[in-house]
Structure formats: C-alpha cells, structure tokens
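Enquirer: Take a look at this one; I'll ask things after.
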Amino acid sequence: MNDVSKASLPKAIFLMGPTASGKTALAIALRKVLPVELISVDSALIYRGMDIGTAKPNADELKAAPHRLLDIRDPSQAYSAADFRRDALAQMAEITAAGRIPLLVGGTMLYFKALLEGLSPLPSADPEVRSRIEQQAAELGWEALHQQLQEIDPVAAARIHPNDPQRLSRALEVFFISGKTLTELTQTSGDALPYQVHQFAIAPASRELLHQRIELRFHQMLASGFEAEVRALFARGDLHTDLPSIRCVGYRQMWSYIEGEISYDEMVYRGVCATRQLAKRQMTWLRGWEGVRWLDSENPDRARKEVLQVVGAIAD
C-alpha cells in the first residue's frame, strides 16, 4: 500500500511493552488529552475473577478510562488470537464510527501481530482427529507425541512444551488435517489491518530497572490479596493447570503452592522468575518489531509528551 492510500485510512495507536512497564498508566494519561478509546491487548486480562495477579486496572482507573475486551471470558474458557482479532476489529470499527481513535494497549505481542498482519488460514478443529490424538496420548503419553511433533515440525516443537497438551494437540491436528506444518501455515499471513497505525513501545532503559519493577509489583500483588484470589479459583473445582488461564504467569506458581507442591518462598521466587521470562520474551518480540517508537518508563511525563507530538496532529 502506498503512502497516499495509507493516509486515507482511519487512525489507530498501538501502545506495547513488557509487563510492569507502565503501559496502563500512560494509556489512561493519554485518554485525558486525546480523543481515544482504550482496547486491552492482553491474554490474561480477558478473564473474569483474575484481577490482582493480572494487574487489571482498578475500578477508579476503569471509571476514568474504560478498557474494552476486559472480563470477556470465564477462566474455564479458551480464547485464541483469531478470537481477539475478530473482537478487536469490531471494537475498532465502533470507536472509529463514533469519531474517536482506537488506542490498543497491552503486552500480548501475538495478538498485536495477528491484528496488524492478519492470521494464516489454519484448518478448523476436527473432533475425529483430535480424539485420535488424545487416544494416542493416553496410550503413549504426551512426551511421545512431542517427539512425533519434533520430527514433523521441529520449529513448533521447540516452542511448545511437552506439558502443554492443548497446543501440542493442535500442532499435530493441523498437520494431520492439512498435510502442512503449523510453522509453514503461520508464515502465510491473512488480511493486513486496514488502519494507519502509530506504534509505540514503553520500557525502562535497562533490564535491571525492569527486573526491579517486576519484583516490586509481584510483592504488591501478594500484599493486595493475590493468594486469596487464586484460592477462590482453586475452590471452584473445575479449573486446572492445562487451562490457559491457570497457566498465566503468577497463577501457575501460586496454584503449585496451594496444591502443596512448593513452599511459599519458592512460589514467590518462581513467580518473579516467570514474570522476568515473560518480559524477556516480550522484549525479544519488540526489538524485532518494525516501525515502533520507544518511550522510557522512568520518565512518564516525557513519554506522554512524545506520544502527543506524534499523535497530536492526527487528533485534531
């Protein structure tokens, strides 16, 4: 698409960044001065009853700056990148029709990628194939199926853990249905996003600062009642660690503590480490991201001004 036709598209803003980088605070500050509406881009914030461990904006923040695509699923339900793209496009169209600008804020980079580039045409689930895979898993174990995937699609196997039956099963299912690997198919993009997007990423200047922010926030979550939140989820009886919700960073470690598998101190240590690993993955995505402007977490006022300099002109 050339620059002229791009300029005629409706505007949108992406505000990306690793966990604990100050994205939400900046988005709320921007909403006070720009005609924007916020859309959450976070695979954990979609779940109801998971507020503390996901650092969901509190009631006062949501009153000042409502976020769309929060609390849209029960923790027992799955939600895919395709689901997100469909829902986000609908929200963006609604916001644009009202004469405002969608500001998409979050750290789930796969969602941003799916929205920006479109999704590859993966085959629909096939209950018969899925059943056959589950039967194999019952007989041989998921480790053996992971070995099978390693031979078929080593790239996907390196990314998918043997203890992640949902994703492992899907990767095998895609191959058995289509004869093509998940890696091959995901290299084929679908429809690009029909918006002129201004992309920003916010992060601290150093890894050490980010690690400090992560550790501080994890301890703040614990002080705010994170354990009680997870105990309430545990007490439901229908949730387990194979679900994407309970595999969320922090929740998985607290779950292990509640089940008596690890001590409290070990839970804290693992929770902080897992959050750091998440931030590392997010930063890896962002460093390879094209067309992104970087903002400094440690100077939120300057970050706000930098966004306004770029975006102010499109908000008139």
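The backbone N, Cα and C atoms fix where each Cβ goes, and this holds for glycine too.
Not my notes, these are from Swiss-Prot:
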- Gly17, Pro18, Thr19, Ala20, Ser21, Gly22, Lys23, Thr24: ATP binding site (BINDING)
- Thr19, Ala20, Ser21, Gly22, Lys23, Thr24: substrate binding site (BINDING)
- 42-45: region 'Interaction with substrate tRNA' (REGION)
- Thr108: site 'Interaction with substrate tRNA' (SITE)
- Arg130: site 'Interaction with substrate tRNA' (SITE)
- 166-170: region 'Interaction with substrate tRNA' (REGION)
- 247-252: region 'Interaction with substrate tRNA' (REGION)
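Quick one: where do these features end up spatially?
Expert: Around Lys23 (ATP binding site), the C-beta neighbours below 8 angstroms that are at least 6 residues distant in the chain are Leu15, Met16, Gly17, Val105, Gly106, Gly107, Ile202.
On its own chain, Gly22 (ATP binding site) has Ile202, Ser297, Pro300, Ala303 as residues at least 6 apart in sequence with a Cβ closer than 8 Å to its own Cβ. In this structure, Gly22 (ATP binding site) belongs to neither helix nor strand by DSSP; it is coil.
Across the region 'Interaction with substrate tRNA' (42-45), the DSSP tally of helix, strand and coil residues reads 0 helix, 0 strand, 4 coil.
Long-range neighbours of Thr108 (site 'Interaction with substrate tRNA') (same chain, six or more residues apart, CB within less than 8 Å of its CB): Val41, Asp42, Ser43, Phe84.
Listed in sequence order, the residues of the same chain lying 6 or more apart from Arg130 (site 'Interaction with substrate tRNA') and placing their CB within less than 8 Å of its CB are Ser169, Glu173.
Only residues 6 or more beyond the boundaries of the region 'Interaction with substrate tRNA' (166-170), in the same chain, are considered here, and those with a CB under 8 A from a CB of the stretch are 78, 125, 130, 133-134, 137, 142, 145-146, 149, 160, 182, 242, 244.
Only residues 6 or more beyond the boundaries of the region 'Interaction with substrate tRNA' (247-252), in the same chain, are considered here, and those with a CB under 8 A from a CB of the stretch are 19, 43-44, 47, 50, 53-54, 164, 218, 221, 226, 230, 233, 241, 271, 274-275, 277-278.
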Enquirer: Excluding Thr19, Ala20, Ser21, Gly22, Lys23, Thr24 themselves, which residues in that chain have a Cβ inside 8 Å of the centre of the Cβ atoms defining the substrate site?
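Expert: Apart from the listed residues, the neighbours are Gly17, Pro18, Ala25, Ala55, Gly107, Ile202, Arg213, Ser297.
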Enquirer: Around Thr24 (ATP binding site), which residues of its chain at least 6 apart sit with Cβ under 8 Å of its Cβ?
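Expert: Thr24 (ATP binding site) has long-range Cβ partners Ala55, Pro57, Glu61, Val105.
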